[in-house]
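First up is the structure itself, then whatever we jot down about it.
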Amino acid sequence: MTARFRLPAGRTYNVRASELARDRQHTEVVCNILLLDNTVQAFRVNKHDQGQVLLDIVFKHLDLTERDYFGLQLADDSTDNPRWLDPNKPIRKQLKRGSPYNLNFRVKFFVSDPNKLQEEYTRYQYFLQIKQDILTGRLSCPCNTAALLASFAVQSELGDYNQSENLAGYLSDYSFIPNQPQDFEKEIAKLHQQHVGLSPAEAEFNYLNAARTLELYGVEFHYARDQSNNEILIGVMSGGILIYKNRVRMNTFLWLKIVKISFKCKQFFIQLRKELHESRETLLGFNMVNYRACKTLWKACVEHHTFFRLDRPLPPQKNFFAHYFTLGSKFRYCGRTEVQSVQYGKEKANKDRVFARSPSKPLARKLMDWEVVSRNSLSDDRLETQSLPSRSPPGTPNHRNSSFTQEATRVRPSSVGHLVDHVVHMSPSEDFVSQRSPSSTQANSIVLESSPSQETPEDGQPPALPPKQSKKNSWNQIHFSNSQQDLVTHTNESFDVPSSPEKSTPNGGIPHDNLVLIKMKPDENGRFGFNVKGGYDQKMPVIVSRVAPGTPADLCVPRLNEGDQVVLINGRDIAEHTHDQVVLFIKASCEKHSGELVLLVRPNAVYDVVEEKLESEPDFQYIPEKAPLDSVHQDDHSLRESMIQLAEGLITGTVLAQFDQLYRKKPGMTMSCAKLPQNISKNRYRDISPYDATRVLLKGNEDYINANYINMEIPSSSIINQYIACQGPLPHTCKDFWQMTWEQGSSMVVMLTTQVERGRVKCHQYWPEPSESSSYGCYQVTCHSEEGNPAYIFRKMTLFNQEKNESRQLTQIQYTAWPDHGVPDDSSDFLDFVCHVRDQRAGKEEPIIVHCSAGIGRTGVLITMETAMCLIECNQPVYPLDIVRTMRDQRAMMIQTPSQYRFVCEAILKVYEEGFVKPLTTSSNK
């Protein structure tokens, strides 16, 4: 049949073209994309196209080079779990409702270091994302950090502070955090004045550098339910999977510890590695709202693991039978990994590009009226298609007069209760069965609404976790069944001891309030092997923060688990006792006649599964490929376990939280000698004094010097590294310093500061210039040589005792690369320096003298680092907090700031991962 026929007037009508035009109109859809500058751009695409087509159009519109960090998130998803547009699936299968479709352009993968982003424009997009997330309460932020971040944002937009232009109230048109306090602007203005000279790019870089330290930075949350029908949050991030309940982080599962992630129907499973001290595999199970939410979480885990942990994505199945006849999902992340993205950025990025920044708009993304946007977007002149040329990033009109407020729940500690991940003892015949009454789920914007607060916010703090969407549906209690027998009566049991029910055990479940009685005795060193955090003074329940492998806490039955809440200690209610009191109660158990510690805990309920598999294999599973780190020192179990815990603590922030809780001065230690009138002038700082019990005594009538002995014993070896930690000499204490050096027989001095930093004298020059000699009382010091590099200096000296007519050779090593403020950006130079110190002291028994300015901060960092290296060489686990505690037992305040502690922890992890120091077959050398 021909498509053309002749009309009487001699004209033609093209039927086929009309049919195609009609079909094209039916298959083209409009997609409204909310960009990070709060503008909406409409694009027209074919609904049969893959998602990658729409992504490419958006990337082209933004002229974005480093694309793999970003994605499109469905704005009108009806679940509480965010869904990303899959680039490999047709658009019509992902966007079910009618056109126009609404999506948010967002950062999908948050890098751990902004230096990995090669283009300033990419960092600007990150900056917009985080700023918006903090403003809407999606990303919680302490007020002091929020003020710092806001000051960098102001510097980026307004430039340098100008007293004549930036009058009082110049920030009144801006909103930075939910429920912004009245004095918040003053704090921002004060910090803004300190950023003079920073360009917009530098200010934004500093913004990202500060934001990456936030607890919830880069965490993608998915809502789930526990066995008691309580809400929990499952967070997916670069380092692994987090579990939150009642706004308290309950568990962290690093990719290092995960063997497999899978799901079946509405059940999501995490299978953990079997450790050497464990007898059974561990399988964790979680209930999701529906099948799609479960698969969404699973895909998020696959994508995050592949992007951050692998060098390249796994290749697709090439075998015909393996591809078409295997059960489960064939989904694989196929974009670039972080390693590939960084390399691509280095090769393709245009670091000199110029773009226009958008002025701030206080309106939040959640206030976007998608209905109005949808109506406006249907106008043809507002559409872009893939045929349009690329544009420069769109500008934005100034709307500073707008205002934004948002209800936010106040951050409050909560009783942890028991986190029922419903991990249960299960035989192969058992299966998960969940039941739910039919219900509807309210459609909401992907930007989560804040739930009504039960308390009036007092401090303007944003919520600790993303605010929960309101929902109409309600979930019924989830039951587990074994054949015809209902197991609901057993769901409150806290531990399933593998013995006959007739036999009683010394430990076991208490029927009331789901409590568990745990008994243990200390090891030969008087330790139980667990740490706790919280207390009445911290307004937090007392929670078990760490259980060391192979210790009494780990081996007792029932086992004490991380996340368990301690209710009673030896029958004593600790609800109104401080953290230090709780620790003393635990330690006092070692001194009692029975020597037994009895704990009543509300369990975290992470239990082992008898069998690895269910009745049938899960429908979808993902077995993470091993990253290079996984294969390091596999045989050194205890050492490897401690490194995993350290990496986990750095990611989650528990490392710094535990450091903050550690006493700065050991209880019961006195410092009376330092406060005697004749000694006060010998202290560089009024509040930094040596313990009386461990101070170095000089011979003679005036025996005082601000210095302490510090001995660090390395277990399973004969090594005891001896140090003298002291302050940097003052002009009138140089004689005392050299007297101490002579009397202690020290042949090496380690100096960790320059003489002047930021205009302040940190240490007097207590040695002569090269080829010169100087006298200090009865001691003459001659400097023979001075060599070095930009990071450190070696000086060879002779110390001559004029009274005894004796001389000794000594070496001074000075580290000069420590910045005036903060800590080094890279630990490489410092680690080289520590290695040189170790080489110089090899075979020497006498103590080495270590000092900075106060003799506590950088001095503590060096001692911690060398101790950790020795522990690694001896195949011993490394727990930095224990090292700091040992040092503070001998000199107060060792390692002065959290940034110093984080620096040394990261350096220890680097030494282990990169093989800087390796376990030795013998441990005779220091």
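Glycine is treated like the rest: Cβ placed from N, Cα and C.
Note that the structure is predicted; figures quoted are calculated from it, not measured.
Among the features that Swiss-Prot reports, domain 'FERM' is placed at 29-312. Annotation comment: Swiss-Prot describes 379-412, 429-474, 492-511 as region 'Disordered'. What Swiss-Prot lists as compositional bias 'Polar residues' is 398-408, 432-455. Look at Swiss-Prot and you will find SER474 tagged as phosphoserine, backed by a large-scale study or a structure entry. What Swiss-Prot lists as domain 'PDZ' is 517-589. Sequence annotations record features per position, and here Swiss-Prot assigns domain 'Tyrosine-protein phosphatase' to 655-911 based on sequence analysis. Residues or ranges marked as substrate binding site in Swiss-Prot (evidence: similarity to another entry): ASP820, CYS852, SER853, ALA854, GLY855, ILE856, GLY857, ARG858, GLN896. Per Swiss-Prot, active site, phosphocysteine intermediate is recorded for CYS852.
Positions of the features from Swiss-Prot, shown on the structure.
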| residue | record | DSSP class |
| --- | --- | --- |
| CYS852 | active site, phosphocysteine intermediate | coil |
| GLY857 | substrate binding site | helix |
| GLN896 | substrate binding site | coil |
Counts of helix, strand and coil residues, the domain 'PDZ' (517-589), according to DSSP: 17 helix, 25 strand, 31 coil
Within the predicted model, mean pLDDT of the domain 'PDZ' (517-589): 86
Same-chain residues at least 6 apart in sequence whose Cβ lies under 8 Å from GLY855 (substrate binding site): ILE688, ASN706, ALA707, ALA725, CYS726, GLN727, GLY728, ARG891
GLN896 (substrate binding site) and the residue listed as 'active site, phosphocysteine intermediate', Cα-Cα, nearest whole angstrom: 12
Cβ packing number for GLN896 (substrate binding site), 10 Å threshold: 18
Sequence-distant neighbours of SER853 (substrate binding site) in its chain (C-beta under 8 A, six or more apart): ARG684, GLN727, GLY728, THR753, GLU757, LYS762, CYS763
